[in-house]
């Protein structure tokens with residue numbers, strides 16, 4: 001089920017909220033949590049029930065490993081349980097996500113003919129696998145306390161974050177499930193949740209989905225790109241990805257507040273960053289935390305000299321790229337970011353103004369994310385060549401025409417009849433206006449700060465309602481999230 005669907009907003013969510021607060025008001029806390037778990041199962045299993053079976057099997061096994069850690073007393077035995085649990089989780093992820101990729105590369109390298117495995121990737125497997133790994137490792141370290149099966153399943157399957165994160169720690173969410181105060185309706189927290197959800201929905205439906213049209217058209221016709229269209233294509237995809245994923249995360253945080261639960265922030269205005277290193281402290285923050293805690297620090301972090309620090313950084317970003325997708329484009333994208341972060345740590349580049357660093361960071365991110373979107377590394381370089389070689393063939397007008405916003409149908413229809421020669425320019429102006437709106441949103445405070453700040457005024461209520469209604473009216477078809485593929 002998708003947040004940006006009428007089924008979720010007008011049927012699922014009202015039922016979930018009514019049941020949660022009704023049962024809690026009757027002090028049936030265990031039943032309320034069981035109800036929330038049941039709603040989460042419905043939410044996840046709606047699109048593909050077989051994926052729900054895989055998720056449940058993974059969670060039951062994960063809980064079993066954690067329970068076994070409590071039973072085994074010796075250090076060697078506990079390490080063996082930890083190793084077995086990590087092998088199980090990573091093996092499951094590897095089978096579903098990477099088996100075809102590895103066999104394809106083995107066939108290419110060794111000239112073998114192994115049959116490629118065709119496996120449907122379960123939605124959210126990368127996220128819930130890492131969340132279970134984090135819980136198991138922290139349980140082994142003693143940083144997570146024992147929990148019931150109900151707590152564990154509710155934590156892992158909690159519907160606001162099961163599909164695309166954030167990747168939570170058990171100690172962030174499980175204690176909240178046990179706080180009686182969070183089970184009571186809080187009007188201020190609830191209104192903050194509505195604001196956050198509405199802003200996230202607007203990011204997804206009004207901005208990300210609008211940007212997707214010209215971006216997809218551009219990548220379907222890479223050979224036709226000229227310089228200006230290639231530049232807008234690179235910037236457009238990065239903005240689309242940001243509004244798509246951060247919009248989801250804003251909705252997840254908003255939904256959490258509706259149920260009295262705080263969900264970790266995953267984005268903190270990344271385009272205000274003055275370096276790639278800062279960019280990654282603000283972009284997909286919980287994934288960065290995972291790799292820092294469970295990969296970078298165990299490798300030695302920055303404690304063993306500059307050379308080892310750079311090596312550790314490169315390993316982390318290469319793995320981060322591979323986590324995002326089973327393709328060399330993602331690995332290459334990760335390496336590009338690893339190089340930039342390593343370069344930042346040397347402190348060589350010093351520009352006189354902060355805005356220059358911010359502009360340079362945004363440009364580098366746009367260039368690197370070309371490979372994140374490209375189907376091959378060669379296609380990525382083709383886009384970069386189109387930027388570098390001055391050329392104008394009018395393709396930008398065709399990209400702009402792909403936008404075709406329904407809100408301006410009357411304007412474009414009238415222009416096509418009255419002055420057809422002006423129509424391409426109207427499309428281009430609308431595309432540039434969309435980019436200007438995106439830039440203004442990126443430059444403003446992040447959604448969490450806006451939702452939390454100030455008294456809930458009539459003006460804020462009107463703007464929230466306006467964005468929500470416009471977004472709902474804009475949900476004309478099925479629009480999944482870019483990170484569904486990861």
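Just so you know, glycine gets a Cβ as well, placed from its N, Cα and C.
Record features, source TrEMBL:
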- 6-23: transmembrane segment (TRANSMEM)
- 30-46: transmembrane segment (TRANSMEM)
- 52-69: transmembrane segment (TRANSMEM)
- 81-98: transmembrane segment (TRANSMEM)
- 110-130: transmembrane segment (TRANSMEM)
- 309-326: transmembrane segment (TRANSMEM)
- 361-384: transmembrane segment (TRANSMEM)
- 422-442: transmembrane segment (TRANSMEM)
- 462-484: transmembrane segment (TRANSMEM)
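The transmembrane segment (52-69) and the transmembrane segment (361-384) are not in contact, since fewer than 3 Cβ pairs between them lie under 8 Å (pairs 6 or more apart in sequence). Looking at which of 6-23, 110-130, 309-326, 422-442 has the most CB pairs under 8 Å to the transmembrane segment (81-98), the answer is the stretch 110-130. Among residues of the same chain six or more beyond the transmembrane segment (422-442), those with a C-beta under 8 A of the stretch's C-beta atoms are 203, 207, 210-211, 214, 232, 235-236, 239, 242-243, 269, 271-272, 396-397, 399-401, 403-405, 408, 411-412, 415-416. A Cβ distance under 8 Å defines the sequence-distant neighbours of the transmembrane segment (110-130), meaning residues of its chain 6+ beyond its ends; these are 44, 47-48, 51, 54-55, 58-59, 89-90, 92-93, 95-97, 99-100, 103-104, 156, 161-165, 167, 287, 290, 323-324, 484-486. Within the chain, the transmembrane segment (309-326) has long-range Cβ neighbours (under 8 A, six or more residues past its boundaries) at 97-98, 100-101, 126, 130, 287, 291-292, 295-296, 299-302, 332-335, 337-339, 341-342, 345, 372, 485-486.
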